[in-house]
Each structure stands twice: as structure tokens, then as C-alpha cells.
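Asker: One structure, pasted below without further comment.
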Amino acid sequence: MPHVEMLLLAVAALWVCVRGQEPGRKAVADRYAVYWNSTNPRFQQGDYHIDVCINDYLDVFCPHYEDSVPEDKTERYVLYMVNFDGYSSCDHISKGFKRWECNRPHSPNGPLKFSEKFQLFTPFSLGFEFRPGREYFYISSAIPDNGRRSCLKLKVFVRPANSCMKTIGVHDRVFDVNDKVENSLEPADDTVRESAEPSRGENAAQTPRIPIRLLATLLFLLAMLLIL
């Protein structure tokens, strides 16, 4: 019976090693807060972008106002995920699909918040699956009462797995990207720009790998247990 227990312990150790080698896996998920309104200076600069890792989150906060602000002075947006052409031309009609709608500027519970998890796989039929090393694009378009068209847009680059350092911790870390310095990792010229369509079943993930020395050590211990 002790041999069986030790065998199960060795198998469990191997399973932990495999889980730890999943691409882009981190002990702590980073959350990036984006305040979606025309007064955000990052949108005014015209090159609003963030770099994320798999399993990180994007939190979009809609415009919010006090009750004393008239409706015609508030901002409302419909946000779309688009491809690169839609991002460049700010065209959501034929280049993307609707993601969220900021339509409650006087919400009594504070600003509306929408979250996007950059995950490899999604259980939802209309969910979106993200791939490391690719760019994704969000835009919104609103037409104020004066007829002037405004466009806010955001570019998200999903870092390759080897550039996402593993961290230790149990709580999500929150970044306000409006105050954050410029990202240190820029997409390379051959970065793949993802099409703006929900992913369904495209499960082309990398195969987890275990370090050779660790695997050999565990196999040796397992053999010794069987001999005893």
C-alpha cells in the first residue's frame, strides 16, 4: 500500500509540472483599466495601445456624470472589435462587430464597466479567443449633436508566451494605463493582425513541455520506489 501512495504522489508531481508549463500561464493576472471618453489624453494622442499577456484582463470604464449634467452634455459610445483596416479607417460597419455599449452615463451605481479576458480558449459560442504575438483592435464611434464625427480607438498586443514572466501571488494586479508609461515591448514588423471575428474551436495551443532534468529525476525516483 505505501508503494501505491508514493506512486500516486509521483504522478501528482508530474501533473503539477505539466500545469506549470502551460504557455503564458501566470500566478497573477494583470488588469488594465481604460477610461473610454474623449477627455482621456491617451486617446487624444492618437496611439493608445497596451501590451498584455494571456489570462490578463482589459477593464473598460464608460463615461459617467453627476445627475446635474444634462443628457446632451454626456458621451455615449458603442464599442466594436475590428480588424486592422477598420482600426485605421475607424470603420466599424463592414470591418468588425459590436462588443459593448456605453449607454448609461447617469448610472446610479457608478460607471459601466466591461471586461475582456485575453484567453486562449472560451466556452462561449460568441466568445473571442486570443493568440500570443497578435494584435487586436477596438474602436468606438459617436456623432454629437453638432454633427462632428469622433472616433476613439485602442490597439492591444498580446505578448508572446516567452516574454510573459511568471509571477508569484494570489491577487490580481491593477494598472491604470492612463497613467502608465509607454510600453517597453513594441510589436515586431511581422506581428500578426487578427481578424475581428469570434473564434470558435481554433485550438492551436502549444504543447506543454517539462524540463528534461526534472522529468529524469522524477522517473528515477519512481523506479526506485518500484524496486523497494
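Backbone N, Cα and C define each Cβ position, glycine as well.
Okay, these came from Swiss-Prot:
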{"type": "SIGNAL", "residues": "1-20", "note": "signal peptide"}
{"type": "DOMAIN", "residues": "29-162", "note": "domain 'Ephrin RBD'"}
{"type": "CARBOHYD", "residues": "N37", "note": "N-linked glycosylation site"}
{"type": "DISULFID", "residues": "C62-C102", "note": "disulfide bond"}
{"type": "DISULFID", "residues": "C90-C151", "note": "disulfide bond"}
{"type": "LIPID", "residues": "N203", "note": "GPI-anchor amidated asparagine"}
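Have a look at these and tell me how they're positioned relative to everything else.
Answerer: DSSP gives N37 (N-linked glycosylation site) a coil state; it is part of no helix or strand. Using a 10 Å Cβ-Cβ cutoff, N37 (N-linked glycosylation site) registers 19 neighbours.
In this structure, C102 (disulfide bond) is part of a beta strand by DSSP.
The Cβ neighbour count for C90 (disulfide bond), using a 10 Å radius over every protein chain in view, is 17.
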Asker: Could you measure between C90 (disulfide bond) and N37 (N-linked glycosylation site) for me? Cα positions, answer in whole angstrom.
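Answerer: Checking the Cα atoms of C90 (disulfide bond) and N37 (N-linked glycosylation site) gives a distance of 16 Å.
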Asker: Looking at the disulfide-bonded residues C62, C151, which one has the fewest other Cβ atoms within 10 Å of its own Cβ?
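Answerer: Result for the disulfide-bonded residues C62, C151: minimum number of other Cβ atoms within 10 Å at C151.
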Asker: How big is the Cα-to-Cα gap, in Å, between C62 (disulfide bond) and C151 (disulfide bond)?
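Answerer: Approximately 15 Å lies between the Cα of C62 (disulfide bond) and that of C151 (disulfide bond).
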Asker: Are there residues of the same chain, six or more positions away from C102 (disulfide bond), whose CB falls under 8 angstroms from its CB, and which are they?
Answerer: W36, C62, P63, E75, R76, Y77, V78, L79, L112, S140
